[in-house]
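Below is one structure, written out as structure tokens; the observations come after it.
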Amino acid sequence: MLNLSLPQILGRVFLPFAAGYFLSYLYRVVNAVIAADLTVDLGIGPSALGLLTATYFIAFASFQLPLGVLLDRFGPRRIEALLLLFAGLGALLFARAESLIGLIVGRALIGFGVSSCLMAAFKAYTIWFDRQYWPLINGFQMASGGLGALAATYPVELMLGLTDWRGVFLVLAGATVAVAVIVFLVVPERNEGVAVEPLARQLQGVKQVFSSYSFWRAAPLTTMSQTALLAIQGLWAGPWFRDVAGLDRDGVAVSLFAIAIAMICGFIFLGSGAGRYVRRGGRLMSLAAIGMGLFLVIQILLLIAPTAWALPLWLAFGFFGTSGILAYPALSQAFDLHLSGRVSTALNLLVFSTAFFGQWLIGTIIEWWPVGPDGGYAPEGYRAGFALMATLQLFALLWYVGAERIVGRHVRKTER
């Protein structure tokens, strides 16, 4: 496909895209550590905090459909390098903002700017790697995001001992611009061996994805499972450890650090295990559904188990929460290769749009209970918000299990 050795592919393709996703995930979850600083500096409640943090998701989601077309038309190298410059600008504005509106604008630019970091990588890997290795390399890509989540926990807390959250974002702005330059200069140009489709046909491909039964059978479960992971791990896990488990700032940061390690393990082990499973004839989407079902069980246990069980359950939360990512290569395999970018971005549109509302909604629910004298939020609020996420996942799981029996066979007959 391309005359590159494996070390060259890893060095010139995987590492630059992994660095971009590292930053994307760091931005996504860093507010879980600086939440207390933001609420004190801005004087905002949990609903406003949820809205501010979730703005990343809606800006991210809003660009997914055009992103899929652009990736398939212009390639991942140029698109990601350009968008990362917007993320760097957003981080700079976030660091300099003096109002909630200014922070929201900066956060939105960050979300827009990193909106290609995962999908561009997935698109690049469909170009450079054989189909059977997609789950494995995608797992390592997700592990780089887990490292970003790791860096956003205790390391950020240590940085806050040297500077404030504004200084942290100034550093991130510079790092983001540097990665943009690396992606543009180091990653080789794409060569899929197929002609670029006219725009009208590319848009027809988007319609084809959204009219597919295979897509709509898997999308609700994947969307709700990933929404729970993104909304909770990306913000509300940190305040939960403070208000429900009673940990201090260092304890919260260490706990989030441990969850990030569990996520990295999940990305790597589930990705490598999925690769072996597929090579032995297994169905990747079935494996993803089992993992997402276990993730739901963990969330239910978090609602009813004593606080003493918190850390092992949260570690399992981080590990099994990564199983939803297996749905991306699973769905890509159900479509022609030239549609891979549009398949992934269509799913991402649903995931991140729902994550925006999910993260904001949890904050709104938490605000229904009065704030404690120490500024903490009521445990009942977390329980209610998390229970809503679990309920929605349960309905989505029931749809996935029952859809084939209810409508799948009929749809497949009409498609023939």
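Here the Cβ of each residue, glycine as well, is placed from N, Cα and C on the backbone.
As given in TrEMBL:
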- 9-27: transmembrane segment (TRANSMEM)
- 13-408: domain 'Major facilitator superfamily (MFS) profile' (DOMAIN)
- 47-67: transmembrane segment (TRANSMEM)
- 79-95: transmembrane segment (TRANSMEM)
- 101-122: transmembrane segment (TRANSMEM)
- 134-156: transmembrane segment (TRANSMEM)
- 168-188: transmembrane segment (TRANSMEM)
- 209-232: transmembrane segment (TRANSMEM)
- 252-272: transmembrane segment (TRANSMEM)
- 284-305: transmembrane segment (TRANSMEM)
- 311-331: transmembrane segment (TRANSMEM)
- 343-362: transmembrane segment (TRANSMEM)
- 382-403: transmembrane segment (TRANSMEM)
Mean pLDDT for the domain 'Major facilitator superfamily (MFS) profile' (13-408), as a whole number? 90
Before we move on, state whether the transmembrane segment (101-122) and the transmembrane segment (9-27) share at least 3 Cβ pairs under 8 Å, counting only pairs 6 or more apart in sequence. yes
Looking at 134-156, 168-188, 209-232, 252-272, 343-362, which one has the highest count of Cβ pairs under 8 angstroms to the transmembrane segment (9-27)? 134-156
Counting Cβ pairs under 8 Å that are 6 or more apart in sequence, does the total for the transmembrane segment (209-232) and the transmembrane segment (343-362) reach three or more? yes
The transmembrane segment (79-95): which same-chain residues, six or more beyond its ends, come within Cβ distance under 8 Å? 17, 20, 23-24, 27, 67, 70-71, 102-103, 105-117, 120, 166-170, 172-174, 176-177, 179-181, 183-184
Considering only the recorded stretches 168-188, 252-272, 284-305, state which has the highest number of Cβ pairs under 8 Å to the transmembrane segment (134-156). 252-272
Long-range Cβ contacts under 8 Å made by the transmembrane segment (284-305), restricted to residues 6 or more beyond its ends, are 135, 218, 221-222, 225, 228-229, 270, 273-274, 277-278, 313-314, 316-317, 320-324, 326-327, 329-331, 333, 383, 386-387, 389-390, 393-394, 397, 400-401
